[in-house]
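Undergrad: If you scroll down you'll find the structure; I have some questions about it.
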């Protein structure tokens, strides 16, 4: 009868149960609903360039050169590279491994140990705060970008309506030729007044408690910044993965142009000498080592969940080991190059103004929006160089901002894949609009005070706690053995002694030292050296850090309430990985992860592999072999733990 029916109604061939893949079964009697596919990177270089774009941000240009110069010049490179090796590279690799292994965002990845899901919530809170103010910096950059499209830069001369009597133009000083002894100490450059009085309009605000009116031109720039970011992350990694081909590579082109222009200026070597003269005596002070560790920490963006998110869109066997070294070392080299580009121009400027380099050197927004633009006005073709510089800052900032948003969107959609994954573009729009509205306070006349507060407090304390906790949970609770086995499953080799030593001991200890140091050496925020924040603002800032840390115990309470049994049993249950923890695709679930996915069959699905791939691939082991391995490993770890304690 079957043949007869075949002519009328072709029926699908019947596959025996054992050979069914979960997707076949979903149509059948089991009625398992599968969420929409997560998607992957489309091109080979998407992931690598996204990581480079994410790590190489504004900090490389405006934080690193200044930090190096204040902390021993060329000698600073010693602690910098040592800290890169101790707490940069290992944690970077750990975060990429977690993301790639589980294909989950920073919230859902805590299936690895549901007790600590609060760490994921803390990450998201921190990323939200940072994304709000980071886009405001991009808005300032856009403002200056448009302002550079003129024949004469608007911050070149005094005498505009926003200038005061203190304004002193260096062009006049040169022609003055020493006939009139100028008293420079209490004068202000036109670029400084342009920034604070015209762009920020900060003179209308008495402080953080008095934001004043919204500056409409800044507000429009912020809106434009959010629109650009939204259009780039509209289709998730499918679209942002293509944009980074431009935003991650183009800054290098401009940086090299600025570098060549800078080094050929007269007086450039003055600045470079300042930047690189090593003061080895400073290496004995702990402050320099702490500064180096902080620089690595923030510059690589560990703990923000961006790396984890990007890695989660990789295929299972992507070589993240190689990528780790490319990105981390590339990031360090970029910072050093940027230092040359910045300090050569500062040296030229100090010669022009006839003041020592340390008086013109600044860090942070002051460098990008006051000092460097002022130096630009001294060059021939100044609007062109100014446009290039701000275009570089724009591309540097944008791809870091993509990562922050991708992190937030991915984290939430992975928690609710059935509802949100099909509506990802709509959800991204909602996130962007909400964050734009929250950022509106930064566009007011006193907005800069709020920006400084966010910058100082949002990511310091909380971020450290997040990274320390992650490190300890993966090595102690989940277990070093298992983590190494997971990496072996993905990459085909186990991490060496260097990674194990860092994960188990060196990285967490270094970061705890950082945490303790930042608490002991706490100084209240200030703006421009003169404005001190009121007490309530300081409390608000500290609360930002503390609330993100409080997410962790809150998450624990929820996890424990979910379980059953006595308190200790509940804690034990909640700290174990969930049943469906592991690789997201059935074909990658070998060894101990076989057949634990919802809807997977009970017999070990080796037959599926045989059928689909014609044999077992090099990454896979036959099931019973793996079981034996696991037993051996467990015995070893009992012995190993004793040894480890002795070693430490």
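Counting starts with 1 at the first residue shown.
Backbone N, Cα and C define each Cβ position, glycine as well.
Here TrEMBL flags 47-65, 77-98, 119-147, 214-233, 245-272, 292-313, 325-349, 384-405, 426-451, 457-478, 498-520, 540-561 as transmembrane segment. The feature Na(+) binding site is assigned by TrEMBL to 53, 56, 60, 299, 331, 396, 399, 400. Summarising the annotation, TrEMBL assigns disulfide bond to 158-167.
Tell me what's around each of these sites.
TA: Note on residue 56 (Na(+) binding site): other Cβ atoms within 10 Å of its Cβ, all shown chains, come to 29.
Sequence-distant contacts of residue 158 (disulfide bond), defined as residues of its own chain at least six apart whose C-beta falls under 8 angstroms from its C-beta, comprise 167, 168, 169, 190, 193.
Tertiary neighbourhood of the transmembrane segment (245-272): same-chain residues 45, 49-50, 52-53, 56, 334, 337-338, 340-352, 357, 379, 385, 388-389, 391-392, 395-396, 398-399, selected by CB-CB distance under 8 Å and a gap of 6+ residues from either end.
Sequence-remote contacts of a segment are chain residues at least 6 beyond its ends whose Cβ falls under 8 Å from one of its Cβ atoms, and for the transmembrane segment (292-313) they are 38-41, 47, 50-51, 54-55, 57, 59-60, 63-64, 67, 71, 76, 79-80, 82-84, 86-88, 91-92, 95-100, 102-106, 109, 120, 123-124, 126-127, 130, 237, 320, 327-328, 331, 335, 400, 403-404, 406-407, 410-411, 459, 463-464, 466-467, 470, 510-511, 514.
For the transmembrane segment (384-405), the list of distant contacts is 50, 53-54, 56-58, 60-61, 127, 130-131, 134-135, 137-138, 141-142, 144-145, 148-149, 153, 225, 228-229, 232-233, 240, 243-244, 246-248, 250-251, 254-255, 257-258, 261, 301, 304, 306, 309-310, 368, 372-373, 376, 428, 431-432: same-chain residues at least six beyond its ends, Cβ to Cβ under 8 Å.
Cβ atoms under 8 Å from those of the transmembrane segment (457-478) belong to residues 91, 94-95, 98, 112-113, 115-116, 119, 122-123, 125-126, 129-130, 133, 297-298, 302-304, 503-504, 507-508, 511-512, 514-515, 518-519, 525, 540-542, 544-546, 548-549, 552, 575, 577 of the same chain, restricted to positions at least 6 beyond its ends.
Among residues of the same chain six or more beyond the transmembrane segment (498-520), those with a C-beta under 8 A of the stretch's C-beta atoms are 83, 86-87, 89-91, 93-94, 286, 290, 293-294, 297, 460-461, 464-465, 467-468, 471-472, 474-475, 480, 483-484, 644, 648.
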Undergrad: Enter the number of other CB atoms within 10 angstroms of the CB of residue 396 (Na(+) binding site).
TA: 27
Undergrad: Setting 53, 56, 60, 299, 331, 396, 399, 400 aside, what same-chain residues sit with their Cβ within 8 Å of the center of the Cβ atoms that define the Na(+) site, listed in sequence order?
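TA: Here the nearby residues are 52, 54, 55, 57, 58, 59, 248, 251, 334.
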Undergrad: Rank 47-65, 77-98, 119-147, 214-233, 426-451 by Cβ pairs under 8 Å to the transmembrane segment (540-561) and hand me the top one.
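TA: Comparing 47-65, 77-98, 119-147, 214-233, 426-451: 119-147 has the most Cβ pairs near the transmembrane segment (540-561).
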Undergrad: The transmembrane segment (325-349) and the transmembrane segment (47-65): do they have three or more Cβ pairs under 8 Å, with pairs 6 or more apart in sequence?
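TA: Between the transmembrane segment (325-349) and the transmembrane segment (47-65), which are separate recorded stretches, there is contact, as judged by 3 or more close Cβ pairs.
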Undergrad: Can you name the far-off residues of the same chain, 6+ from the ends of the transmembrane segment (426-451), with a Cβ under 8 Å from a Cβ of it?
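TA: Distal contacts: 128, 131-133, 135-137, 139, 200-202, 204-208, 210-215, 218-219, 222-223, 226, 229-230, 233-234, 236, 405, 408-409, 412-413, 420, 527, 531, 533, 537.
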Undergrad: Determine which residues of the chain contact the transmembrane segment (214-233) at the Cβ level, with the cut-off under 8 Å and only residues 6 or more beyond its ends counted.
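TA: Result: 135-136, 138-140, 142-143, 146, 199-201, 239-240, 243, 398, 401-402, 405-406, 409, 428-429, 432-433, 435-436, 439-440, 442-445, 447.
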Undergrad: Suppose we draw a 10 Å sphere around the Cβ of residue 53 (Na(+) binding site). How many other Cβ atoms does it contain, all chains included?
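TA: The answer is 28.
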